[in-house]
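Trainee: Pulled these features from TrEMBL for this protein:
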DOMAIN    25-155  domain 'VOC'
DOMAIN    182-336  domain 'VOC'
BINDING   HIS185, HIS268, GLU347  Fe cation binding site
Amino acid sequence: MSKDNSSLQLEKVIPEADDFLPILGTDFVELYVGNAKQAAYYYQHAWGFQPVAYSGLETGQQDSVSYVLQQGKIRIVLTSPLQPSGAINAHIDKHGDGVKFVALWVDDAKKSYEETTKRGAKSYVEPYELEDNHGKVVISGIHTYGETVHLFIERGEYKGPFMPGYRTYAPLAKSPETGLKYIDHMVGNVGWNEMNKWCEFYAKVMGFAQMVSFDDKDISTDYTALMSKVMSNGNGRIKFPINEPAEGKKKSQIEEYIDFYNGAGVQHIALATDNIIETVTSLRDRGVEFLYVPETYYDDLLDRVGEIDEELAPLKELGVLVDRDDEGYLLQIFTKPVLDRPTMFFEIIQRKGAQSFGKGNFKALFEAIEREQDLRGTLK
Ligand SMILES: [Fe+2]
């Protein structure tokens with residue numbers, strides 16, 4: 001895979017983070033899904049991901065099929081089982097479609113495994129090599145929250161389309177990209193009183209540091225509440241906010257997620273764009289559904305966030321939210337769940353200096369989510 005190797009320098013931007021696990025970036029996110037062929041169609045034609053690689057019966061893979069898609073630096077893998085029973089079926093049965101692997105791109109998969117398991121990580125798979133005539137890839141893996149796994153992927157000079165076992169995937173029809181560039185952050189939902197445990201896991205086992213913390217006073221509406229802490233690796237390329245439910249009058253979105261996912265898992269993936277108006281317009285035209293906020297959100301928006309480069313009208317038309325911090329501002333919007341179960345969704349984010357997560361929008365956003373929960377009968 002031709003990832004940009006010029007970005008290999010590892011400038012430390014989070015001073016508190018430890019250096020024993022250098023991570024170059026997110027390598028891929030793999031979802032276990034019920035029907036990978038149709039999911040691949042959705043992500044290509046609704047989201048503008050481009051076809052990259054395929055593995056299945058035609059490549060000698062008897063048990064499962066995988067489609068690899070990419071847009072900017074964002075690479076997703078969609079995998080379905082081809083036979084009854086087994087781990088993939090069990091995962092889909094329990095969780096519905098969802099993220100199984102958050103794969104991290106490293107220089108040394110063996111060392112990553114040793115350093116993390118030495119610090120208490122539970123092994124998913126010991127380091128192993130895959131090789132074909134394009135080169136060699138080394139993979140290892142550790143468990144994180146729920147049944148989610150972090151793989152460590154060492155690509156060296158591998159030149160194939162994705163990794164050994166895959167061939168180029170070139171379907172007849174392609175759709176243009178929608179301007180998505182990279183994964184800004186990936187959020188995990190964990191159960192009651194589990195947030196600190198998993199933040200400690202990222203700190204102790206992976207050397208991450210805490211960037212921010214939001215308590216239930218920061219993140220609450222009249223009805224529901226949650227708590228969140230954001231963990232980052234040293235170079236700031238990997239940011240994992242961790243959410244847990246908090247007591248409210250009604251069931252929070254985190255509890256709804258945990259109920260339907262049957263445990264902890266990836267709640268949302270934030271994808272960065274350089275032009276949120278163009279990206280969201282394109283996604284919406286292709287059928288991606290977004291949460292909406294009341295028009296009154298925009299009445300005093302500029303009083304709240306100050307001058308912004310964008311016109312207000314298209315932001316209002318699309319429902320894009322804006323927030324400002326000490327360093328600048330950000331624009332963001334959230335999709336409705338992209339699966340049948342109300343579990344995973346996406347955020348589209350454009351940063352203009354701001355390095356925060358849209359705290360000023362939490363209330364409006366969670367009220368929007370509550371309206372959807374209410375329609376589903378889960379706001380009780
Ligand atoms: Fe987010």
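Positions of Cβ are set from backbone N, Cα and C atoms, glycine also.
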Trainee: Within 10 Å of the Cβ of GLU347 (Fe cation binding site), how many other Cβ atoms can be counted across all chains shown?
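Mentor: Cβ-Cβ neighbours of GLU347 (Fe cation binding site) within 10 Å number 23.
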Trainee: In the same chain, which residues outside the set HIS185, HIS268, GLU347 have their CB within 8 A of the centroid of the CB atoms that define the Fe cation site?
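Mentor: Other same-chain residues with Cβ inside the cutoff are ASP184, MET186, VAL187, PRO241, GLN267, ILE269, ALA270, LEU271, PHE334, PHE346, ILE349.
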Trainee: If I restrict to non-local contacts, at least six residues apart, and a C-beta distance under 8 angstroms, what lies near HIS185 (Fe cation binding site) in its own chain?
Mentor: VAL230, LYS239, PHE240, PRO241, ALA270, PHE357
Trainee: Under 8 Å Cβ-Cβ from HIS268 (Fe cation binding site), six or more apart in the same chain: what's there?
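Mentor: Those within reach of HIS268 (Fe cation binding site), by Cβ under 8 Å and sequence separation of 6 or more, are MET186, VAL187, PHE334, MET344, PHE345, PHE346, GLU347.
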Trainee: Within the domain 'VOC' (25-155), how many residues are helix, strand or coil going by DSSP?
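Mentor: Taking the domain 'VOC' (25-155) as a whole: 32 helix, 64 strand, 35 coil.
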